Amino acid sequence: MRALWGLAGIAAALICGVVAAAGIEEGDKRSGFDFMTRETQALQADDTSNPGMLWVLQGEQLWRQPEGRANVACAGCHGDAAQSMRGVAARHPAFDEATGRPIDLAGRVNSCRASRQQAEPLAPESDELLALTSYVAHQSRGMPVTPAADPRLAPFRDNGRRLFQSRIGQLDLSCATCHDANWGKRLGGGVIPQAHPNGYPLYRLEWQTVGSLQRRLRNCMIGVRAEPFAFGAPESIDLELYLMERSRGLPVETPAVRP
Amino acid sequence: MARALINVPKTARRGEIVEIRAMVAHSMETGYRMGPNGVNMPRDIIRRFVCAYDGEEVFAAELFPAMSANPFIAFTLVATTSGTISFAWTDDAGETQTASADITVS
């Protein structure tokens, strides 16, 4: 009897292994853009109708505005964002020497504010933080996602993979259950996309505003009735790190539009 | 700080019909929602949008609570003379956001 249970355990482990390994084939990798209706795609493609551009515009103004006790603007050190910030969003989250952890783009904006401008950090999901992050990420639009090759990021990325594959919440679902194993099928009224974070911060029609990847992750976690990560939690950065690796090669779309 | 995206062609021929697009950042709070503390969120929507061509009002629209946040309005004008096309959005709080663009008619 004991041997039988052991056998069943091995079989279960094998099946789980197969499911976990069944990620997205390289040729099947598709941005969330491809899963949208033509109307929503048109909204994103035209800069004069893409509402996310309002935040990019605000970010451009904030970029040049002196802040904090140091009374220096982002442009004071970084100059023209079109050159200095090109490709930055494509390789974030990156390793932060000061904290010894990966840091995302919004975190980088706030750490720069604290250390260089000597200003108060911007609140998560505030218009100002989203605007600056959108403006910086917009400079990488069209460039392929190329995660930083820093070996110090590996353990955090592995933790992100573990979080992606861990079942959570009352519905007992993992990210992978939907976005690896069942993408392209329908959930309620919408198509399940592959969960690529290549357009953040993005304008979600449901939100009627621009939001960060962390907000989106929290939405999904509330959806499976789990306790969501707090804004800025290290777990969500780890997860973002893994998601960016997973979407390697897709073009940055910031500011994207999603339904 | 006005946050508006306007799209006006820089040049046009006299008599040509040109498309104007205007989008403004506004929450368009309907007044029908409750905040996290159960208190009604007061209505704050843009009531009136006006477009003036060289100082003369050529297009206006009234907006209502069912309209989305960051309203986008597109319409056409006949290019008659070189000048400034100005836009104004007035909301419930009485605040007016403005933007303008120049058009050269040949």
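Each residue, glycine too, has its Cβ placed from N, Cα and C.
Features as listed in TrEMBL:
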type	residues	note
DOMAIN	A:54-140	domain 'Cytochrome c'
BINDING	A:CYS74, A:CYS77, A:HIS78, A:CYS112	heme c 1 binding site
DOMAIN	A:155-247	domain 'Cytochrome c'
BINDING	A:CYS175, A:CYS178, A:HIS179, A:CYS220	heme c 2 binding site
BINDING	A:ARG216	substrate binding site
ACT_SITE	A:CYS220	active site, cysteine persulfide intermediate
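Rounded to a whole number, the distance between the Cα atoms of A:ARG216 (substrate binding site) and A:CYS112 (heme c 1 binding site) is 24 Å. Each residue contributes its Cα atom, and for A:CYS77 (heme c 1 binding site) and the residue listed as 'substrate binding site' those atoms are 32 Å apart. Neighbours of A:CYS112 (heme c 1 binding site), defined as other CB atoms within 10 A of its CB across all chains, total 15. In this view, A:HIS179 (heme c 2 binding site) is surrounded by 20 other Cβ atoms within 10 Å of its Cβ, with every protein chain counted. Fewest Cβ neighbours within 10 Å among the binding-site residues A:CYS74, A:CYS77, A:CYS175, A:CYS178, A:CYS220: that distinction goes to A:CYS77.
For the domain 'Cytochrome c' (A:155-247), the mean pLDDT of the prediction comes to 95. The Cβ centroid of A:CYS74, A:CYS77, A:HIS78, A:CYS112 marks the heme c 1 site; residues of that chain outside this set whose Cβ lies within 8 Å of it are A:VAL72, A:ALA73, A:ALA75, A:GLY76, A:SER84, A:ARG116, given in sequence order.
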